[in-house]
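Below: the structure, in structure tokens.
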């Protein structure tokens, strides 16, 4: 387990830090650091503060903000940017772009768990320009080229 620096921006988050729900959880739950309930109308989106900032420091790591499966499946609440990528050198408050893709209004309550944070390894690439690639079984076959199902 790696240690990550966290800055508490809103004092209410001091005892609400991201946590793994179970020993096998990959994602840490992020909470909506709101002063009042926030109602998202159908097809509306809003940046929701989490009340914390993290600093990964090491460029071998990044964080991803992902939707909570229950909110997406049961209520249509997903991320407006689909995935939030947090670079290792970012130090600002974590924000969740909440998007209501359903046809009914949804209310986010203060301190409700609204997304999850997953820490991932990163390999930075350096491009090597070539005029041709060596042959492979797939070649330039694109969408659907490997068959159905």
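The backbone N, Cα and C atoms fix where each Cβ goes, and this holds for glycine too.
In the three-state DSSP classification, residue 81 (substrate binding site) falls within coil. Marked as substrate binding site by Swiss-Prot on the basis of sequence analysis: 68, 69, 70, 81, 85, 86, 87, 95.
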Take the Cβ of residue 87 (substrate binding site) and count every other Cβ within 10 Å, whichever protein chain it belongs to. 12
